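Chemist: Dropping the structure in here first, questions after.
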Amino acid sequence: MAAQSFLSESVLGWSIFSIVLLAILAFCWIYIRKFQSRQESEVISTITAICALAIALITSALLPVDIFLVSFMKHPNGTYKEWAANNETREQIENTVLHGYYTLYSIILFCVFLWIPFVYFYYEEQDDDNMNKCSQVKNALKYTVGFAIVCVVLLLIGAFVPLEAPPSQNSTQWEKVQYLFEELGSSHGLPALAFSISSLTLIGMLAVITYTAYGMSVMPLNLIKGTRSVMYERLENTEDIDDVEHQIERLKSKCQDGRPLSSRDRHNLQELESKLQVLQRRGRHLEIAERNCCTKVGSALRPFKILLGIVFILVALLFIVALFISNLDKALHSAGISSGFIIFGTNLTNPLNELLLVLQPVFPLDYILITVITMYFVFTSMAGIRNMGIWFFWIRLYKIRPKRTRPQALLFLCMILLLIVLHTSYMIYSLAPQYVMYGSQKYLVQIPSGNTTTDTTRTCDADAPEDQCTMTRTYLFLHKFWFFSTIYYFGNWAFIVAFLIGLVVSCCRGKKSVIEGEVEADDSDIRSILGN
């Protein structure tokens, strides 16, 4: 009976994950095909982008599964279910999740340091018409070696710098070296992988501060503000065309008597002619947009978009408030920098954490909410990248445009999302620390009442007995290295500041064009930069 119950619970958890997996693969294919350039599409880069994006979303979907499994080990009254009464069984289940994390994280390392760089440089080498396939592969491998060296260095640091000192300070050098190898062998190299992933998570934290914070503000405000009127844009564009044509005629009139134009006038004439071509292309796109059925449907759905935008901005504000309270709690009640600002449980009322705990009795609302939160971070990150483009410091490398995004830009987009997903788990832990640690688990407490004792249930927290509550493997992984936790803590403050700045900028910006991103005066990518 216990075995059947265990099997049914496990099948339920992983069945949900499988359904989500199929949905993720379908979404990735549609998303990449939507933004992929029709003129420069490449099979290898397309497959790489779809797989990398799918891996990012699958990794983010594993957190709700982890919380679901630890929660389903217990009954609502705080007792373990029959199949989970054995501690070895519980540990086996959680180790399955841990191995799932390490498998996906290993794939992410492979993608970030080997697969994506190789495909990127392989595609770049195609620009040389005199180069054959073997030379392309050779040059791509040559550039990829640099990324591989960085990966090996991180793995070595994580493997050979143990967190605990050797047992004896008087041991010989050989014994110390032997101890290091024993540390590596005893954990099967998992600390090495954990250190490498934590290092990448730092880069993901920067991407979250840059793209996710902005996406959380720009996505809902764009829905609320909507787009400009097509008819008004066409009228404005026509007036601009007439104005530019008038300026061109005025410049050309200067050379009607045979005199050549000055260098300044020739330069101005070239700029005006280029501007006229852009305006004419813009006019054609606006004419198509005015006849497009999607534009008319979008106008009909305007009230729904406004409502959706209001919901999204309220959710974003809820996240910011919860993140602020969580960081304030750590600042007031943790042991400080030396402990990585780690606290067990919550000391201040966190609205999102309380909401998840309130939803626990109504299965599966709390799991649906945690899944929505996870996907919300991913989609707002995608919105932020789409609106900002891909930058290297102050230089814009690529723009993300529907049906016009170059293969290299898609590869960059997926790499950034892979890094963002690594930091998403810590962000969600910061939003709802107690829930991410224990899920919806409860435990029994015996309270003396006269000559008898009464059993009462309490929500699992840091004060619960160790054998009564099972921590999620997500929480244990996040706090493997205290110094990374310290950096993540300060990153949360930077995220709050970046969101507020992005909110002000998004409020000050006007409505977007109905053909936003379809017609550009320049092609701001790395190739044009190098060409100039």
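Along the chain as shown, residues are numbered 1 onward.
Even glycines carry a Cβ here, placed using N, Cα and C.
Unlike curated records, TrEMBL annotations are generated automatically.
Per TrEMBL, the feature coiled coil maps to 234-289. Residues annotated as transmembrane segment in TrEMBL: 12-32, 44-63, 102-123, 143-163, 192-214, 306-325, 367-397, 409-429, 481-505.
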Chemist: Who are the long-range neighbours of the transmembrane segment (306-325) in its own chain, taking Cβ under 8 Å and residues 6 or more past its ends?
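Modeler: Tertiary neighbours of the transmembrane segment (306-325) are 216-217, 219-224, 226, 348-353, 373, 376, 380, 427, 430-432, 492, 495-496, 499-500.
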Chemist: Could you tell me what the rest of the chain brings near the transmembrane segment (481-505), counting residues at least six beyond its ends with Cβ under 8 Å?
Modeler: 163, 194-195, 198, 201-202, 205-206, 208-210, 212-214, 216-218, 221, 316, 320, 323-324, 326-327, 330, 337-342, 423, 426-427, 430
Chemist: Excluding the flanking five residues on each side, which residues at least 6 beyond the ends of the transmembrane segment (192-214) place their CB within less than 8 Å of a CB in that stretch?
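Modeler: Distal contacts: 102, 105-106, 108-109, 112, 151, 154-159, 161, 184, 377, 380-381, 384-385, 387-388, 416, 418-424, 426-427, 477, 480-481, 484, 487-488, 491, 494-495, 498-499, 502, 505-506.
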Chemist: Compute the average pLDDT of the predicted model within the coiled coil (234-289).
Modeler: 82
